[in-house]
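S.K.: Pulled the feature table from TrEMBL, pasting it below:
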- 212-221: compositional bias 'Basic and acidic residues' (COMPBIAS)
- 224-236: compositional bias 'Polar residues' (COMPBIAS)
- 20-450: domain 'Major facilitator superfamily (MFS) profile' (DOMAIN)
- 202-236: region 'Disordered' (REGION)
- 21-45: transmembrane segment (TRANSMEM)
- 61-81: transmembrane segment (TRANSMEM)
- 88-107: transmembrane segment (TRANSMEM)
- 113-139: transmembrane segment (TRANSMEM)
- 177-196: transmembrane segment (TRANSMEM)
- 265-286: transmembrane segment (TRANSMEM)
- 298-318: transmembrane segment (TRANSMEM)
- 330-350: transmembrane segment (TRANSMEM)
- 356-378: transmembrane segment (TRANSMEM)
- 390-409: transmembrane segment (TRANSMEM)
- 421-444: transmembrane segment (TRANSMEM)
Amino acid sequence: MSQGGAAAREAAKSQDQGWAWMVLVAEVLLQGLTLGFTSCIGVFFTDLQHDFHASNSETSWFPSIMVAVLHGGGPLCSILVKRFGCRFAVMLGGLLSSVGMVCSSFCKSIGQLYLAAGLITGLGSCFSFQAGVTALGYYFVRWRTLANAMASTGVSLGFTLWPLLSQYLLDEMGWRNTFLIFGGILLNCCVCGAIMRPVQLTSGSPPQSPKSAEEPGRRAEGAQLSNGTSPHPKLQQQTRRTACFQMLQKYLAFDIFCQNKGYQIYTIGVTWMMMGFPLPHVYLVPYAIHNGVEERRAALLISILGFINIFIRPLTGLLSGHRVFTGRRIYLFILAVILCGLSNFICIISAEFSVLIIYCIILGIATSGVGALTFQVLMDVVEMDRFSSALGLFTVLESITLLIGPPLTGLLVDITRDFHYVFYTSSFFLISAALFMGFSFCTLEKRTKLKEASKVPLDNPSKYQYNEVPTEPQSENQSPPAVVYITSV
């Protein structure tokens, strides 16, 4: 008790300080190398289309597959994190991303590019990004909100730097050699992963051994085998079904989705929101050019968005980490989503360059709030020991709407030949999702207060209320979660 408690207290002191800040720097670079990387794909669109003699539709599947796999590979990442830890998952992701881009430089057809750059690089980016976010949640407790906001600035840096670097390399040496160089750059994900020492949250007691965590059905089967009798076929089938169901619960968080109403509402709301959230980023430049804005000035609009995010995201994290917003961060997130939706009407009013700059400033502030709080709110509604599983299901559902949203809106623009429908559609999905989440969480809070007032115990409180994982320091008489650094790996 004395040695274990002292070790736990000493390990807990390492949170939010020391090596945790090195992990934060690594996560900033990771998000720039993964999420930020997709912003440069459009630079190669015309060259790829020309070399492979592909149509616009065929070429557009390349970035779509990469983005969808990046967000939808969460369950596989959850399995890797559970079995091997965050460091292994990040480094494996960096290796896959590098291999995918190197192989894509030798592709002879657009189909090979789908597999190499779309699937392999997208999956590698998914492993590095999601495992890095999970590791950051373990290293930071008190300053977790600020850490997540600062880490998300890496995305803004990526959005700003990747297109500039891509255009320069493309002009100098062509897309094949550029992809080869990108393979070397993405290997830096392995360096970032090496910084993330394996961590494990404890409560002052040693973790459970794998044998003690075996499924009851498997222990029963093992007991029969030890007695010299073979298990009944029906028992074997039932055991397999139980194991399969438990694996789905463990890595896809279906049990959390069914039992935790806060997680359920948030996942549905964000999934619906993603139908409209990426639309301005995809269609803003074509909309400006269509209305007579010079191409270089139109491209500058995206740079303005990225530049604003660099500074506003940390401020948003600092603000949301204040005690006043403890338990209310979801409402800050909802306000940011509503502001995103309302700002789209500026583009509908006018397409002059000066007006579009004002639009980008407001949209940049709003998207900074959304980007800084998305994963922090998810950490608030689920416990950290299930975060990787919850993140897996969250990103799978999110990837579906990210994949189908822009193509469907593009089809609407092709039919109507009016870019205004891009911003109408975006506003509809953003505002409706925000209203759904706001109304639902208010209802949950009122229901909880009524239950407490009537003193009627809840059978399962997590089904009715939004529970936030506390990020404030615990009192001395409580057993704090400890971080055990395993440096021998």
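All positions are counted from 1 along the displayed chain.
Using the three backbone atoms N, Cα and C, a Cβ is placed for every residue, glycine included.
Unlike curated records, TrEMBL annotations are generated automatically.
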S.K.: In the same chain, which residue numbers or ranges, 6 or more beyond the ends of the transmembrane segment (298-318), come under 8 angstroms Cβ to Cβ?
M.R.: 39, 145-150, 152-153, 155-157, 159-160, 163, 281, 284-285, 288-289, 332, 336, 356-357, 360-361, 363-365, 367-369, 371-373, 376
S.K.: Six or more residues beyond either end and a Cβ under 8 Å away: which residues meet both conditions relative to the transmembrane segment (61-81)?
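M.R.: Residues packing against the transmembrane segment (61-81) from afar: 34-35, 38, 41-42, 48, 88-89, 92-93, 110, 113-114, 117-119, 121-123, 125-127, 129-131, 134, 250-252, 388-389, 391-396, 398-400, 402-403, 406-407.
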S.K.: The transmembrane segment (330-350): which same-chain residues, six or more beyond its ends, come within Cβ distance under 8 Å?
M.R.: 266, 273, 276-277, 280, 284, 287, 316, 319-320, 356, 358-359, 362-363, 365-370, 373-374, 377, 380-381, 420, 423-424, 426-431, 433-434, 437-438, 441, 466
S.K.: Verify whether three or more Cβ pairs under 8 angstroms connect the transmembrane segment (265-286) with the transmembrane segment (421-444), leaving out any pair fewer than 6 apart in sequence.
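M.R.: Taking Cβ pairs at least 6 residues apart, the transmembrane segment (265-286) and the transmembrane segment (421-444) are in contact, with 3 or more under 8 Å.
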S.K.: Mind checking which residues of the chain, 6+ beyond the ends of the transmembrane segment (113-139), have their Cβ under 8 Å from one of its Cβ atoms?
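M.R.: The answer is 15-16, 19-20, 23-24, 26-27, 30-31, 33-35, 37, 48, 52, 61-74, 76-78, 80-81, 86-87, 89-90, 92-101, 103-104, 107, 147-148, 151, 179, 186, 189, 192-193, 196, 199, 201, 375, 379, 384, 387-388, 391-392, 395, 483.
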S.K.: Out of 21-45, 177-196, 265-286, 356-378, 390-409, which stretch has the largest tally of CB pairs under 8 angstroms to the transmembrane segment (88-107)?
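M.R.: Most Cβ pairs under 8 Å with the transmembrane segment (88-107) come from 177-196.
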S.K.: Below 8 Å between Cβ atoms, which of the listed ranges 177-196, 356-378, 390-409 makes the most pairs with the transmembrane segment (265-286)?
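M.R.: Highest pair count goes to 390-409.
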S.K.: Same-chain Cβ contacts of the transmembrane segment (390-409) under 8 Å, 6 or more residues past its ends?
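M.R.: Distant contacts of the transmembrane segment (390-409): 60, 64, 67-75, 77-78, 126, 130, 133-134, 251-254, 256-257, 263, 267, 270-272, 274-276, 278-279, 282-283, 375, 378, 382, 421-422, 425-426, 429.
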